[in-house]
Each structure stands twice: as structure tokens, then as C-alpha cells.
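What follows is a set of notes on a single structure, which appears directly below.
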Amino acid sequence: MLQVLACGAVVFPGLFVAFRRILPCFFKNWTDADVVLVSERLVSSIHALMATAAGIVVVSACRDNVIYDRHWLTTYFIIWYGVPYMTYDIFAMYLSHYYRYHVKGHEDYKQHSLRTVNSFIRKEFLLVLHHIALLTILLPVTLFFRKDMGDFFIGCLFLTELSTPFVSMGKILIQLSLQDCWLHKANGGMVLFTFFMCRIALFPYMYWMYGRHYGIPLYSVPFHLPLSTNLGNSCILAPQVYWFVLLCRKGYRLYRRSRGAPSPVATAPAADAGKDD
């Protein structure tokens, strides 16, 4: 019974509902869109911290033999928290999208409908595709098709969530009108650093660890791996690079604005580049 209550299918929706009830008590001027956005970000941060902690445990336990060492937390976390969270987060992102336009009085957003769902999918297509790909491709592969090998690399993938709390903190600071304080600037630096290290540089590191295990140089590792593995890693890495470029552009605009100089990309559309997985 306790295990069922502690699983992600209960924890994450439960936290989301709790935050939606608690936040209006402290921030009475917030709209429904504000409350849903911050609630979603807080739950994302909690999941990210859990995933990061699980990744540290798994990586530390399996670093001696990155191919064959096992740790029970790898599969346990995916089943009990990874799958439920990804499913919940699609719904939470939709609610955030819906209320963002609902409070502005958009005609199509007076109530939930297929039109609002289609609008959400079109606007957040890359994020929705990212979540669905994780649920339908990556998670089944990690559970059933890796022949009980490579827990170390799954732990590394857990570590990609380390940047999420900083991304969420940036959104929350803006919501609190603290975007001009030093904390927002310091947090922006941490966003770029953790995003680059844990979502981009992590992949060459995993290839290097694989090469070290087999005694081959880093540049030979892609030719030592199956084509499907390289393609899978490329599909995971590509959106991370795209989001990182958007984050850098946004950071550059903020830097130019803080220096009082007109930004050459000031007219570029704003991008919600950090919401991840």
C-alpha cells in the first residue's frame, strides 16, 4: 500500500493539486495561469531533483564496470517515477498552455476542446514529441531491450535533469517580478552551465567511458557501437543542442538589455527553451 501511495502516478499529480490550492493563499493577485505555471515548475523541479539523486547513486555504483554493473534503482525509478512523470507532465503542460490563453479571454479557450488540444500540440510540438518519444521508445528500450546491461549509462541520462530546477527557478523569479535581481542573473548562469554539462557534454563523456571500458580511443567509439545506438543518441542530443542555442540567445538578449544596448536579436520571438524532460 505504501509503495502504491509513493509511486509517481500519485506523487506528481498530488503535488500539482496541492500547489494549486496552496499558492493562491500566499499570492492572492495571481491568475489561474500564474498558479498553474508555478505549480508545474515546482513539480518539475521535485522530479528533477529525484532523478538527479537517482542518477548519482546509479553512476557511482556502476562506474567500475560501465557495461555489466547493475543497480536496482535504475529500473525501479523508471517504472515507478519516470513513466508516471512523463505522462503527468504532458497533461500539466497542456493545462499551463490552456490557462495562459484562457485568462486573456481568447474565444477558443473558454473551455477545453479538441481545438485547444490541437493548438497546444502545434505550439509545443517539440516538447510533446520529446515526451512521447521517451514514453514509447526510450523507456521500453531501457526496460526490455538492453539485456540487463548499461545501468551506468541510464544513470547518466537521469543526470540530464540537473538543469531543470534552475530553468524552473528562472520562470518562478520572473513570476515574482525578480528578473532584475542578482539572483536571476546568477541562476541564468547556472542554467547555461548545467544545461551544457548535463545535456550536451554528457554524451561525449558517456562515449569516453564506453571507450575506456573496451580500451579504444574516443573517436573510434561511434564505429564500435551499433548504428541504432548512435542514431538514438543523436535523436536525444539534437533537441538539447537546439534548446541550448535558444537559451544562449535569450541570455545574450538579457545581457545586452542589462548593459542598456539595443539587442540585434531583440525582435526574435521569445522561446521557452528550457522545459525539459
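Cβ atoms are placed via backbone N, Cα and C, with glycine included.
Annotated by TrEMBL as transmembrane segment, the relevant range among 21-39, 211-229, 230-248 is 230-248. Residues 8, 12, 15, 69-71, 73-74, 77, 81-82, 85, 89, 151-152, 154-159, 161-165, 168-169, 275 of the same chain, all 6+ positions outside the transmembrane segment (44-62), place their C-beta atoms under 8 angstroms from a C-beta of that stretch. Of the ranges 125-146, 186-210, 230-248, the one with the most Cβ pairs under 8 Å to the transmembrane segment (152-174) is 186-210. Among residues of the same chain six or more beyond the transmembrane segment (230-248), those with a C-beta under 8 A of the stretch's C-beta atoms are 126, 130, 133, 137-138, 141, 157, 160, 191-192, 195-196, 199-200, 203, 222, 271, 273-274, 276. Mean pLDDT, taken over the domain 'TLC' (33-256), works out to 92 on the 0 to 100 scale.
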